[in-house]
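Chemist: Take this structure first; my questions come after.
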Amino acid sequence: MTNSKDNLEKTRELITEQSMKDLLTKQLEIVGSGGAFVWAIFFLCVTPNILNGFHVSSYTLLGHLPDDQWCGIDALQHTNWTLAEKRSISEYELESGGCTIWDWDYEHLSRMSYSSALNYTRRMAQINKPSVVSCKTKGSYEYAEPETTFVADWELTCERSIQRTSAQVALSLGKFCGSFSFGILADKFGRKTSFTLGAAFFIVGSIFCTFTPWYSVFLIGRFALGSASSGLFYPAFTMIVENICLKHRTWMSIAFSASYPVGMILLAIVGYLIQPWRYLQLALTMPSLLLILNCYLMNESPRWLITKQRYNRVYQILFGQPSHYDIQPTIATATETCSDKKTLESATNASLVEKLKNGPLKSIIELFANPKVRRYIFTSYFMFCVTSLSYYVTALNAANFSVSRYLYIVATGVVDIPSYVVPVIMLRYTGRRITTMFLFMLTGVSLLLVLSVPSGSTTWIVSFAMLGRFGISATYSVVTLYTAELYPTEIRNSALGTCSTWAHVGSISAPYVVDVLGALGWYIPTTICGCCVLVAGLLTLTLPETGTDKLTDKVEDVPAIESGPEKQ
């Protein structure tokens, strides 16, 4: 054993840091062009995004309003009246869905036959109509198939209906916070570390949502799921962009995004087969345990490790054996070693502000310190916000029509899947910038065409809205790829994370655009989105083309704006 170690030490070679970088980068280009390395990254990164499709869209099935709701009046429980007879007296001519009832003396009515009670209430209503009171003053809410929605468990209807919406808001807020924090964590501590933490959040949040008897804990679980969805999505997507060659990078990044609607379709199928909401939540929770296997098998991103000068670890991943190289000390390194005590003391006594600047906030500061990067990031923020706003506005507008919720989720997923195929074809011939601009323009024109349709033409309105959804879904996948390639490795995840934060500003704003502005005019939400999307398409022309084999690693290497798209 001692001899083998001595031989290993004798065979170690000195190499300059730049030569080591060149060696590792060249090997990364080789293994990233195909083979087991590429497919391992692809499958380990894509499968968690299917889980995102499960939970992020599950609100439609778990928290839907009951198909029918009425007021169960305590005083009438022991009568021999049918349910329809009870409602014909307590809810006569009221359109509140069981939230309010007439303030009759139900104890007195319960001692009569139904026909006598009906005649009595009709006659008394002509003389002195009683007031309308809340159902809770006389009884409790009752539902058709209450086990299919958490609304029935916590009575989130009528005056508490806003709390039902908070389940989706909690998830959106989780995505808002997670996209920002997990992006910073991924750049500071590594893609795998951020992914692993996201997986832990995902599993714990799923368990909370499945078994909790308290709505407040359920909301905490939804917040954790939202945070985890960002923690799983962006590090995994960045792994694909950073370590796979351009030949496979384009279609694999699009396939990565397309895995989300696959999760939506599977959700609809499972939801149709499993009706009780807690059993459905449990069925969606069980696959999340597979994330433990993903975390165990996944390696850290070699390109990120190179930027952190962890060359031995990169060598082990790319060559499958320990490195036999030692980095040759440079003159600058020797000088730094012999620096005087004052320099060391000043470094030791650095202010908290300096520590933050060179620590957790370094990547964020670099997003805005460089003028070129700053111009890119503000454009990216607007693009992400508008894309997300338009995506959710089209979804909410379409949901206002009376369709089966299972068929609606399937239809949404079916529409989304081909929307990820179109960019794959376009990117091969037109580059990132032209493709992004074209899809923005297609979406904007489709949404503005709604203005030309009469309000009664539901079929045409939905058709143009779905065409807009098709375009914005395609845009979403391209914008994410474009942004990932636009920024250097050392701040790439921070850029994606903060862009996602602005995307969630759009998704949180969408319900207000639909409900508040839509009440003023049914065409206003799509018109606002159409105009904003067209502006985003024009702003795309201010960005450089990124469809090349080489990704930048340092902020100072960010490319200048080009006059036209670079051919691939």
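From the backbone N, Cα and C atoms, a Cβ is placed for every residue, glycine too.
TrEMBL entries are annotated by machine, without manual review.
I grabbed these lines from TrEMBL:
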- 30-51: transmembrane segment (TRANSMEM)
- 114-548: domain 'Major facilitator superfamily (MFS) profile' (DOMAIN)
- 195-217: transmembrane segment (TRANSMEM)
- 223-241: transmembrane segment (TRANSMEM)
- 253-274: transmembrane segment (TRANSMEM)
- 280-298: transmembrane segment (TRANSMEM)
- 376-394: transmembrane segment (TRANSMEM)
- 406-427: transmembrane segment (TRANSMEM)
- 434-454: transmembrane segment (TRANSMEM)
- 520-541: transmembrane segment (TRANSMEM)
Chemist: Would you mind listing the long-range same-chain contacts of the transmembrane segment (280-298), meaning Cβ under 8 Å and 6+ residues beyond its ends?
Modeler: 40, 44, 47-48, 51, 54-55, 58, 61-62, 192, 195-196, 199, 202-203, 206-207, 209-210, 232, 239, 267, 270-271, 274
Chemist: Could you tell me whether the transmembrane segment (223-241) and the transmembrane segment (30-51) have 3+ CB pairs under 8 A, leaving out pairs under 6 positions apart?
Modeler: yes
Chemist: May I ask you to check whether the transmembrane segment (406-427) and the transmembrane segment (253-274) make contact, with contact taken as at least three Cβ pairs under 8 Å and only pairs 6 or more apart in sequence counted?
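Modeler: Per Cβ check, the transmembrane segment (406-427) touches the transmembrane segment (253-274).
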Chemist: Within the same chain, where does the transmembrane segment (195-217) have neighbours whose Cβ lies under 8 angstroms from its own Cβ atoms, ignoring anything closer than 6 residues to its ends? I mean 6 or more beyond.
Modeler: 48, 51, 55, 150, 153-154, 156, 163, 178, 182, 185-186, 223-225, 227-232, 235-236, 278, 281-282, 284-285, 288-289, 291-292, 294-295, 298
Chemist: Restricting to the same chain and to residues at least six past its boundaries, which positions have a Cβ under 8 Å from a Cβ of the transmembrane segment (520-541)?
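Modeler: Contacts of the transmembrane segment (520-541) (Cβ under 8 Å, skipping residues fewer than 6 from its ends): 379, 382-383, 386-387, 389-390, 393-394, 397, 433, 436-438, 440-441, 443-448, 450-451, 455, 465, 468, 472, 475, 513-514.
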Chemist: What average pLDDT does the predicted model assign to the domain 'Major facilitator superfamily (MFS) profile' (114-548)?
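Modeler: Over the domain 'Major facilitator superfamily (MFS) profile' (114-548), the predicted model scores a mean pLDDT of 80.
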Chemist: By Cβ distance under 8 Å, which residues at least 6 away from the ends of the transmembrane segment (223-241) in the same chain are close to it?
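Modeler: Distant Cβ neighbours of the transmembrane segment (223-241) are 41-42, 44-46, 48-49, 51-52, 55-56, 170-179, 181-183, 186, 191-192, 194-195, 197-202, 204-206, 208-209, 249, 252-253, 256, 291, 298, 301, 480-481, 484-485, 492-493, 496-497, 500, 551.
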Chemist: Would you mind listing the long-range same-chain contacts of the transmembrane segment (376-394), meaning Cβ under 8 Å and 6+ residues beyond its ends?
Modeler: 367-368, 436, 440, 443, 447, 465-466, 468-469, 472-473, 475-476, 479, 483, 486-487, 495, 498-500, 502-507, 509-511, 513-514, 525-526, 529, 532-533, 535-536, 539-540, 542-543, 558
